[in-house]
């Protein structure tokens, strides 16, 4: 009996070992051909294949296949939003199997044209690929059926692949941080890494740490930028995980190029716990590096990585080529909007000083042999006859050529790609300015076509150049929206509720009346506000309705909608997220936080707040008009009737009185009220389409309150009493 138990136990252990080995199986790609210690991969993102826009798939099939054949990358990553999942009017967001069939067909054709193996392609989900999917692996999870990862049985949320080139390992860890329940848009905008997912990412990133003597480059790729990634249930973040495991770069998509082409961000660990960068980062470069470190400082070297968002294929027709040359990363974003490219040039050294890592230039690690040549990968559909490297000095105020030298191809008949190099005296370009010197490379093919790279600043000492954002780039990359949601929400309530409630209590106890005449001798902001509120309190139904509506938005559901692709249960949305069912402890489970901010914050700041301001302005205008009528009736404004020989002061006063008499200010406020109602109507229309709702049944308070309040206020202030 004991022997039988031992055999059964051994079989269980053997089976567990087999399952574990399969579960933790990792792909390894060994590069044997030249160029030595150089690898490159391709990233594509946000394809948005749509039945309503077939040109996206057609151009992808026509351009990407030949481009990949020319580039011959070791790996190809497609970082989310493979299909669009939107109706023609862009308001209904759910899965369409026809789009996925098109994606599968186009990718199969691209793989054939590229000459690459299917297993070098890795695609992952974006938020569009999960719209309306109630269960991963269910009938509406078309990603699991039609994607490349799905076809190759890469069923986990984390997939790791390592490029082995000599002694160097380049590890790529991709992950899906989509929501556990695929809500329909627009409240499906953020990545939601769970604690389990972060543990899996940590496990993959630490896999090669057991061989510290061998150099390892770690790169992660996903769909969502970190500014649009929520924290886990225990408060952990992707950024902390990446810093812990010495990541070098995070590749992502999601934002497209409509917000800017400079969506890059440097992350570092040497921040004070209360540092404002936990909420905001004002520029892309972060704090600039300190190059005064010595070898004794190596132990205290801080951790850092770059986040590189790339453009979309949907409109920008963008592709990224990322190279790792002797451990140094460089990339070029290629624009295919005008069609295929005959030549693509990727300078790999010197590095673009806007995107360097401080640890890459640590004085104890950089060997002079690694700095003694200018290097570039050149991909061409036709033979290249000449390559020239030029360096310009920008200090004189205009560009002055200080070096022009031909580059030669590394001779290797079995090369995976063409690496061109030329020697240079790097010591001659040491300078305290990281963007004084600019590199440009020109290639001419056998047909006489010339291709120039952009002017790239470089620093042989590893200094990092400033990377400034415009306001749109700052909004999407510099703001940590998950952390900012509640502060922005509660700021609205701290702004509105005290102003509406506290003065009412003061007026009740003090019994002081503020009228328009009281402003004559005391023109202060506080007096103006007190007077307007005093007039608002004369419309008690309006004031009370505003208070009730503000509390309703916090205490009650906003709307009830269909959140999955077809059928299924309806959920209701609050400012904390969607509620679909009670959990096992009979408590509410909220989903889609902080994604619901795309509904909550625009409604509060662009509809409710303007409504409160316009209502206050309407009651103030009526009070001024009433005072004007009393003045006329008492015949205290005789100069109002003077039509000639008036002084400049009297003329200006007459214009003011004319405005009051004809109530032009009121007419302007009526136009603003119409604009608010129109904005509110568009919001309601979008929600009706998105979640299959009836405004009178599924969200009557949300949809009707603002128009009714404005209408009632306009009616009550139409005539002076």
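Just so you know, glycine gets a Cβ as well, placed from its N, Cα and C.
Here the structure is a predicted model, which means the values were calculated and not measured.
Among the features that TrEMBL reports, domain 'Calcineurin-like phosphoesterase' is placed at 41-257. Among the features that TrEMBL reports, domain 'TMEM62 Ig-like' is placed at 340-463. As annotated by TrEMBL, domain 'TMEM62 C-terminal' applies to 487-700. What TrEMBL records for 1-21 is signal peptide. The feature transmembrane segment is assigned by TrEMBL to 484-507, 528-555, 596-620, 696-715.
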Ranked first among 528-555, 596-620, 696-715 for CB pairs under 8 angstroms with the transmembrane segment (484-507): 528-555
Spatial neighbours of the transmembrane segment (696-715) far in sequence, C-beta under 8 Å, 6+ residues away: 539, 541-542, 545-546, 549, 552, 556, 558-561, 570, 603, 607-608, 611, 614-615, 618-619, 670, 673, 676-677, 680, 684, 687
For the domain 'TMEM62 Ig-like' (340-463), the mean pLDDT of the predicted model: 90
